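Student: Pasting a structure here, questions to come.
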């Protein structure tokens, strides 16, 4: 029976990160992957793959916004060419993934893993034992009890479309729906008309309510319409190319395609976790702050754990798990953790929406005192130069000058929000951050951070 120091389930970013770090530390590693295309969601059908379409959509959006400023021939998107560029990247991922793992001396095992005990698992009939295991199985589109939902495209299928149709309907008002709608609206034939149906009172629930309202408003001129408190009750095909979506209020939406944008669920149902005494729920595998499950020999990281579903969070969790396995083998206590409170989130729309920390609603629910500086209609030269009329910010600061939350709607929210993330991670006060931002290259999006912080600093 083959025996390993650590067995890892999943070849995505989390699984690979843990495998490389532990192998470098001298551990014997076996990595199991059931998909015929190793490499994980991020590289093949998620953040890396979608970025090809975002870059194209952003370029089109920028040129259109500057049409009255000096760009006389606005750019036009070519979905097919962007698809080819994306495919050139993704097609190499599976082979490269396996090659790199094997070159490192990591055993790549193809097949479906099932736990058979607290220190054992089976892959396609072959039994393995291990000292530790790391579950990095990722997530899959959430199962929705809607008749006809099988007719909807998932994110992978959407990113493999050879051409975009004129009409697209998204079920669910989350990350996937908003980002893909912004791609399609700018890259489709004369701009695809996109409809987003959200069952709840508002889309993008974890984000700030006012900022989401502004993003929704900014989306409308691009032919992106958002309907809230609309429950989808059925999907049917009409003829050979059209589809019809039915809602609980007897509403009907005719469209060309339907896209599943209602979230993802941990891919753990068929791992037989009960045999390993690992506790889990619909939200994922339960872990402590050291990424340990209810079985102290087994860790869970990435989208399959009951934590935040973000690629770089998965990397950080994998690194923490690997470090804690090393420490425990050396007789030391686990100590590596992930600072979730300073993890930023970003919507790759145009404008981008980035946030880190708390929202106003969350602070009020927790009865945490805070000060606020916000501007919901920025007319700074930074944005006038590029014709962007939908830019905004909201900064939340505690009584001791600590940054509690930051929310930015901008064409470069990704870089700006990371500044706040670093400040929160390193306990940098709003006063110290203000001092540093004064020294930022000027004029730039980063130098604008000074104005966002002025009201918190006496004399400004």
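Cβ atoms are placed via backbone N, Cα and C, with glycine included.
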Student: Looking at NAD(+) binding as recorded in TrEMBL, which candidate out of 160, 162, 198, 274 goes with 172, 173, 174, 175, 176, 177, 178, 179, 263?
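Tutor: That NAD(+) site, as TrEMBL gives it, pairs 172, 173, 174, 175, 176, 177, 178, 179, 263 with 198.
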Student: Between residue 176 (NAD(+) binding site) and residue 303 (FAD binding site), how many Å separate their Cα atoms?
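Tutor: About 15 Å separate the Cα atoms of these two residues.
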Student: About how far apart, in whole Å, are the alpha carbons (Cα) of residue 198 (NAD(+) binding site) and residue 51 (FAD binding site)?
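Tutor: It is 24 Å, counting Cα to Cα.
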Student: Beyond 172, 173, 174, 175, 176, 177, 178, 179, 198, 263, what residues of that chain have CB atoms within 8 A of the centre of the NAD(+) site's CB atoms?
Tutor: 170, 196, 203, 204, 261, 262
Student: Consider each pair of residues in 172, 173, 174, 175, 176, 177, 178, 179, 198, 263, all listed by the record as binding NAD(+), and report the largest Cα separation in Å as a whole number.
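Tutor: Answer in Å: the longest Cα-Cα distance is 15.
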Student: Can you tell me how many other Cβ atoms are located within 10 Å of the Cβ belonging to residue 47 (disulfide bond)?
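Tutor: The answer is 17.
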Student: Within 10 angstroms of the C-beta of residue 178 (NAD(+) binding site), what count of other C-beta atoms is obtained when all protein chains are considered?
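Tutor: Around residue 178 (NAD(+) binding site), other Cβ atoms within 10 Å: 28.
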Student: To the nearest whole angstrom, what is the C-alpha distance linking residue 178 (NAD(+) binding site) and residue 303 (FAD binding site)?
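Tutor: Here the two Cα atoms are 20 Å apart.
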